[in-house]
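Trainee: So that we are looking at the same thing, I have put the structure below in structure tokens.
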Amino acid sequence: MMHPSRQAYVEEAQDTDMGIDLANIPVDRNYDLPSGAAGIPAERASAIISQFERKRRAAAMAVPTDDTRVRARLRELGEPITLFGEGPADRRDRLRELLTDLAERQEAAEGDVEMREGTTELGEEDEEDAEQQEEFYTEGSEELLKARKEIARFSLPRAKARVARLREESTIPLRTHIKHRKAIKEKLHQFDLYGSQIAGDRPVSICRFSPDGQMIATGNWGGGIKLLTVPNLEERWSVKGHADRVGGLSWFPGATSTASESTVNLVSGGGDGNVSLWSLDKQQPLATLSGHSGRVCRTEFHPSGRYVASASYDTTWRLWDVETTTELLLQEGHSREVYAVAFNNDGSLLASGGLDSIGRIWDLRTGRTVMILEGHIREIYGLDWGVDGYRVLSGSGDGWVKCWDLRQVRNTGGIGAHKSVVSDLRWYKGAEATSILPSEGRMEVDGETTAPVQPKKSGTFFVSSGFDKNVNIFSADDWSLVKSLSGHSGNVLSTDISADAQWIASCGHDRTVKLWGIE
């Protein structure tokens, strides 16, 4: 009789003749490549693994499919937007390779930082503290503290009145709103060219309607400032305001109505780095505010009229006291030149944007950043607030206008507004832009308040200018293009809307100021 152990051996030998099924497939989990024994040097094996890892990383890299966006991203990276014989697919692959290289360099830099932190025995808590130290604060003056308190006292009653008005409007039936917006769109379709006037020997860089809508202030690249009457566009006042191009112009909130012509009515900023305060009866500025080391691109009056903000190529924006003509605040926060600033109607918040393609919302009462506007791939040239106090529009060199909601802390809308650079934009505010808060705490913005509550015209549309030679009118509810105004022979640099919504002004490289009116 055969021993059992031998019988088992024979059975196993018979099973092997049946082959291997799926359950018995051997799995090799040893990924170590043999060195010299396999005929592949260790260095070459490592290079092959690195190449496969790089291809995997490149395949997972998010790259735009639109060729225009690919070109814009290449330009942003400082690379040629196209090479000889290169097609859209090749250009997209080149961008993918560049982004992969950039990601690898960033990871290598982070690895170096971690190694240095390890040698200095910094833990994870110290690492978080180091990141938090990137945001820093400098001690302000007593004058700045007083200004912040004054701004708080000014803005809180206005915010209360605005919220009360929004509550009233929330009771209006939706059918009434739709009918109101439809009527406004029909009116906006009637805008057409009314008149044109040459306003300088060089391109006209900015135009702004006076609060009463009877004049247009213009500034040109030669440093000149002119006031033109509406609707005849006749020159009323002219001055050589700056040694270089005028970038910013803003009217005092009570100018041409409650303010005297001998007091401050206008503020301007120029390429010489100065901010000038002007009356309407003198050829010399009432005061010159010096401090910027670069070109001043935009200037804006605070709704109270007591302060002026200026944006400059020195990567800062500054807050000035109009009465004392002193600098209250030098605010950093942008990595490149600051181009645009804008106050909200309450006067509590300021938006700034610049050539770093990032916008920031600042709380003037505390000095803190409320929100960062990240989404544009090119420079931000235009900023303006809505009458609701919590939405802001930004216009960029990428041709897009984006709407940002402070309550939701995100971008809530985007419009491909122009085929090229968006140079300026203005959200229609009606009389709210210059309204003075009555003693009983109500804001009379578009006329006397009547019962029942009716929708307001303010905030229902905005206009934008671009390097495609057009001025576009957009609805502010569905962000649709209502009408495109064509007439300039060059890039349009600025635009504005009168307080009564009867006129739109624009200016640009063709050295003209054009007035568009409702037929």
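Here, residue 1 is simply the first one shown, and the rest follow in order.
Glycine is treated like the rest: Cβ placed from N, Cα and C.
Copying in the features that TrEMBL gives for the protein in this structure:
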COMPBIAS  104-119  compositional bias 'Basic and acidic residues'
DOMAIN    65-121  domain 'Pre-mRNA processing factor 4 (PRP4)-like'
REGION    104-130  region 'Disordered'
REPEAT    239-288  repeat 'WD'
REPEAT    289-330  repeat 'WD'
REPEAT    331-372  repeat 'WD'
REPEAT    373-407  repeat 'WD'
REPEAT    485-519  repeat 'WD'
Trainee: Find the average pLDDT over the repeat 'WD' (331-372) in the predicted model and report it.
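Mentor: That stretch averages a pLDDT of 95.
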Trainee: Summarise the repeat 'WD' (331-372) by DSSP state, stating how many residues are helix, strand and coil.
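Mentor: Split into helix, strand and coil, the repeat 'WD' (331-372) gives 0 helix, 23 strand, 19 coil.
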Trainee: Under 8 Å between C-beta atoms and at least six residues away from its ends: which parts of the chain pack against the repeat 'WD' (289-330)?
Mentor: 140-141, 143-144, 147, 150-151, 154, 158, 244-245, 247-254, 264, 267-277, 336-343, 345-347, 350, 352, 354, 364, 367
Trainee: Under an 8 Å Cβ to Cβ limit, what residues of the same chain, 6 or more beyond the ends of the repeat 'WD' (373-407), are close to it?
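Mentor: Distant Cβ neighbours of the repeat 'WD' (373-407) are 69, 72-73, 76, 159, 162, 166, 339-346, 349, 351-361, 413-427, 429-430, 432, 445, 456, 458-459, 462, 464, 466, 474, 476, 479.
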Trainee: From the DSSP assignment alone, can you count helix, strand and coil residues within the repeat 'WD' (373-407)?
Mentor: 0 helix, 20 strand, 15 coil
Trainee: Which residues of the same chain, at least 6 past either end of the repeat 'WD' (485-519), have a Cβ under 8 Å from a Cβ in it?
Mentor: 187, 190-209, 211-213, 216, 218, 220, 228, 230-231, 233, 420-421, 423-426, 428-431, 433-434, 457, 463-467, 469-473
Trainee: Using DSSP, what's the helix, strand and coil tally for the repeat 'WD' (239-288)?
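Mentor: Residue counts in helix, strand and coil order: 0 helix, 19 strand, 31 coil.
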Trainee: What is the three-state DSSP composition of the repeat 'WD' (485-519), stated as helix, strand and coil residue counts?
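Mentor: The counts are 0 helix, 21 strand, 14 coil.
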